[in-house]
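Structure, as structure tokens:
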Amino acid sequence: MAELQTGKPTPLGASFDGNGVNFALFSADAERVELCVFDERQQEQRIVLTARSGDIWHGYLPDAQPGLRYGFRVDGPFEPSQGLRFNPHKLLLDPCARQLDGWVVDDASLQGGIDQRDERDSAEIMAKCVVTAEDYDWQDDQHPQTPWNQTVIYEAHVRGLTQLHPDIPEDIRGSYAALGHPVMIDYLTSLGITALELLPVQQHADEPRLQQIGLRNYWGYNVLLPFAVDNSLAAGDDALNEFRDAVKALHNAGIEVILDVVFNHSAELDVEGPTLCQRGIDNRSYYWLGDSGEYHNWTGCGNVLRLNHPAVMDWVMDCLRFWREVCHVDGFRFDLATVLGRTPDFTAAAPLLSAMKNDNRLQGCKLIAEPWDIGHGGYQLGQFPTPFAEWSDRYRDDMRRFWLHGDISLGAFARRFAASSDIFQQRDRLPYASINKLTAHDGFTLRDLVSFNHKHNDANGEGNRDGTDSNFSNNHGTEGLEADDDIHQRRQASQKALLTTLILSQGTPMLLAGDELGHSQQGNNNAYCQDNELTWLHWDHADRGLREFVAGLIQLRRTIPALQQETWWQEGDGAVQWLNREGQPLTPPQWEQGEHQLQILLSGRWLVLVNASLHAGAFMLPEGHWQVSPPFDETNPPEGGMWHGQAQAVCVLIKQTA
């Protein structure tokens, strides 16, 4: 192998220039850094990086090529009370690596030591980084750039969406290749969604506890290498290009790709977790630590990345630019996004949030925050700056309570229906900022929401202690999927009422993949470790009628001007009128204490009839000739200026023009 040259400090990671590879690694406290390269026989060669520019250690290896397997050993003080945990016996991954060879297994040699160094060498068992080339023919690929006011998001897991689809070739099911297959593209376009939000596709690791009980981290939130495309979701050997092929196919169909990304914690977990990367490279720069060097745990995952540190912030920004520029993704959903604004308290003016919104290379990206973590002051719904949108748990909970429990007022329902203006408008945000959702990957599916009163998570191996107990669900009289015809009909009506509310609310709707098909997880509301038929969509048993209903709702949404406007609904602007059952404006007492019966007139022509009460009701319609709008059942049309609505039902009428 050629002799190492000085190289350069940027960019971080391993960069192939056609003639060799430049390596650059950040570590402020290290005293010695070794580049470790491995041949086909796992033989290790160590090369000291003698060049240092500021806190960047670097070197250039002439003649090195893509495919080279490598890692680092970093030496320095081991003083846990000072936050220093250097251990040269541990082979470390490059935080900027683009590809991983192998898997992180549960092995004692990966432990770095709690109070003193663990001197067992980890190189033999440790996964290795791989040098990559990033050339790719994007042809004429363009970002769809769907305006927020026209966006409908579909949250899905790559494998869960495609693994059991009978019309996708068996050898690619569950992969990026399946995601980009014409069968899947046709399904998504026929449904009418505009953006596919993928659960993490960053390279993740399975937690030791899960490995010990024979489970896997299915969701992928235990991220190991945020720059690397997860190999476990690839059908072939080239995960990066397979993923890019899928993005290109989705773009060609006008569908945006939004990635769920994890920058709040790492796969190194708590102090008893493995030393794989940041802990051994520069522990006190990468992590939030207490006065005695202990890890803060505002994420519930054992550690918290210190995203206000300049070097760590730069690392995150470089990662976002990689996914935007190299992989052409259209946006990001940030898991536990309060961590992004911690300094350590949350502020909307945090350096990382400011960098994201002002970065020219990220212009046009959709940015979505999950606005909470479990630390002090962690709940920050409505507090993120423009241009962020935010997952609204208030929408989820209030709409569930309205339809399934009847314990919130018409006023609360209307506030959520109107893009939660009470939360977002006061901060000069626009309606799109409210990501309206009924369900998501964490929690009950929609079918389970109307079939189970209690979680059933025993398969997760935690004695049913995991997962929330606050579901606001309603099994309609019988626990579980099996029920008599009357209960099935009431469950179906509840699903349709909830879905209608979701799709026709102002704001940005997000649909969980499978909800339109009647998918159940058998009452498991925390299926993060169930990479099996519990979570995979069963296409052969799909509720086709419900799917057609949802597609019709999305098409209906596109025709209603009030749901396409970018500004807030204002009294007198013609966008919305709120009427009682008699067709008159609601009185203050009716808003807060009235029956759960409401007429919502949108753009003067579409009438959403809401009967969430427990008994049928007759609605006196506004003046005009009204007909049932598709996709609603035309067997119950209005007659004589009245509409007779069943209990806990919803319908949309359209005024006929001359």
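Using N, Cα and C of the backbone, Cβ positions are placed for all residues, glycine too.
Record features (Swiss-Prot):
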ACT_SITE  Asp335  active site, nucleophile
ACT_SITE  Glu370  active site, proton donor
SITE      Asp442  site 'Transition state stabilizer'
COMPBIAS  457-468  compositional bias 'Basic and acidic residues'
REGION    457-481  region 'Disordered'
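The least crowded of the recorded positions Asp335, Glu370, Asp442, judged by other CB atoms within 10 A of its own CB, is Asp442. Separating the Cα atoms of the residue listed as 'active site, proton donor' and Asp335 (active site, nucleophile) is a whole-number distance of 6 Å.
The two recorded residues, the residue listed as 'active site, nucleophile' and Asp442 (site 'Transition state stabilizer'), have Cα atoms 12 Å apart.
The DSSP breakdown of the compositional bias 'Basic and acidic residues' (457-468) into helical (H, G, I), extended (E, B) and coil residues amounts to 3 helix, 0 strand, 9 coil.
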